[in-house]
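K.L.:
One structure coming up, written as structure tokens, with questions to follow.
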Amino acid sequence: SGESGAGKTESTKLLLQHIMNLCKSNSQLEQQILQVNPLLEAFGNAQTVMNDNSSRFGKYIQLRFQKNTVRGAKLSEYLLEKSRVVQQDTGERNFHIFYYMFAGLSSEEKEIYGLLDPSLYRYISGRFATEDVAQLWKHKYQEVCNALDMVGFQEQEQVDMQAILAGVLSLGNVTFEPQENHGSVKVSEASQGWLKAAAVDVLSQLVCCLPYSSWSPSVSHCHSLSSCADARDSIAKVAYGRVFGWIVSKINELLAENVDPEVELREIGILDIFGFENFAVNRFEQLCINLANEQLQHFFNHHIFQLEQAAYREEELPWETIKFSNNEPILDLLLAKPFGLLSLLDEQSAFPQGTDKTFVDKLSSSFKGNLHFQPGRGRVLGFSIIHYAGNVQYTAGGFLEKNRDTLPANVRGLFINSVTPLLSVLFTGKSLYCDGASHINQGPPWQEQSHSLMVLMERMYSANPHFVRCIKPNSQKEPGVVDNQVVLQQLRYNGLLETIRIRRDGFSWRPSFEEFAER
């Protein structure tokens, strides 16, 4: 764990290399486990203002051993930040794979996929890149292709996948205009070419002409320009999310253990999840990320302080209780039912008249006097949460829309019957591995997020955990520079100063009575 940019993913890669080195068998499986990283990073990582290679999803890697040899591995992915596909803030980029494709594909291949100059695409933000960076991306694209081959993706699957990614970018340029005399909306004349490039002609009917429901049956959208734009973006997000889930499922097929089911395997699990974030503008995604970090911090507190000190009391040892910063009240504020923040978001999302403003008003009245909540100040609609790692100001714009995650119901059928075989597979879900992956319209995204986290935390609590705390040396992404204040702040809010005390004053060696007697 650690802040965004503290080095969690790099530490995970080093830890994996170290474990493989200790096994010393140098098997093909061990090499494959190490080689899936470029693939995961290309599709799941992106540049943010805090980190040039930020994980925008959480991953849990389970390594299964028999007699000190790795016999199999399994990857679970959590909470992919799909909204990044359709929107990036200043100084941020979309997922790496889009840039790698522009840099790595030949002119002929770009023509096949209908890719034009990257500056033309609404989903690709900012200046493209310098020549040096473009060369690096070209090299990264080759790494991704090699990894796809190694994992066992067929050539046609790779072509289909890149066609879907190119289609997602073209879809982002589709705009809408009112239809005369009908009161409904149609795809604008200017963007007909983009619709054709997205290879989804039928979407013009689906996106515009049909009323559709979000996860709540009580919410039905009329044919407005904004609801069509939301539907377009939802299709792009879901398509990308399905591609990512499919890649993970293919990796798991490759790495699955091939042993007798009767054989008992030991397991080491490594969790690498996105770090705590506090940007200039914090949205629904940052709230979900910070909630995940709150839960991990609570798990750390429970294990290091509560269980440890309970054991000392049970043994009736002379012990002066060490106080620690308990973040349970913050988790209650966010997760309590029926009056926690996310339950109130759910409630407002179900009201046809619900808006981001009615949601914020509800929060302000519900949490008046709560020490961990502050109503928004100034013109921007929002609120602040005082997290374990500090005060984060959230911009409330888009909270309800993202929570509803509107997708036209008929779109699923369209994808299932698609002429692109891969799209059909992605949406029938028959071969998809969905441990923690999102499903269409089965509930608001935060419920999926919450369920994923619950499953993850159950795994954590049933294991014997070791904590690797990553500390970020400075906020400027500079190598070799240690900012004492930045480091000290992290040591404080992580509870590491109290951890040092309990480790210093506590009992580090704990033999069983049997071990002690033998000794």
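Note: Cβ is positioned from N, Cα and C throughout, glycine not excepted.
From TrEMBL, here are the annotated features:
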DOMAIN    1-519  domain 'Myosin motor'
BINDING   G2, E3, S4, G5, A6, G7, K8, T9  ATP binding site
REGION    453-475  region 'Actin-binding'
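Tell me about the setting of these features in this model.
P.N.:
Under a cutoff of 8 A between CB atoms, and with a sequence separation of 6+ in the same chain, the neighbours of T9 (ATP binding site) are E41, N45, N53, S55, D272.
Taking H, G and I as helix, E and B as strand and the rest as coil, DSSP gives the region 'Actin-binding' (453-475) the counts 9 helix, 0 strand, 14 coil.
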K.L.:
Of all the binding-site residues given, G2, G5, which has the fewest Cβ neighbours within 10 Å once its own Cβ is left out?
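P.N.:
Minimum Cβ neighbour count within 10 Å, taken over the binding-site residues G2, G5, occurs at G2.
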K.L.:
Counting only residues 6+ apart in the same chain, whose Cβ is under 8 Å from the Cβ of A6 (ATP binding site)?
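P.N.:
G275, C470, I471, K472, Q490 - these are the non-local Cβ neighbours of A6 (ATP binding site), listed in sequence order.
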K.L.:
Excluding G2, E3, S4, G5, A6, G7, K8, T9, please set out which residues of the same chain place their CB within 8 Å of the center of the CB atoms of the ATP site, keeping sequence order.
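P.N.:
So the additional residues around the site are N51, G275, C470, K472.
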K.L.:
Restricting to the region 'Actin-binding' (453-475), report the mean pLDDT as a whole number.
P.N.:
87
K.L.:
Determine the Cβ neighbour count for K8 (ATP binding site): the number of other Cβ atoms within 10 Å of its Cβ.
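P.N.:
There are 23 of them.
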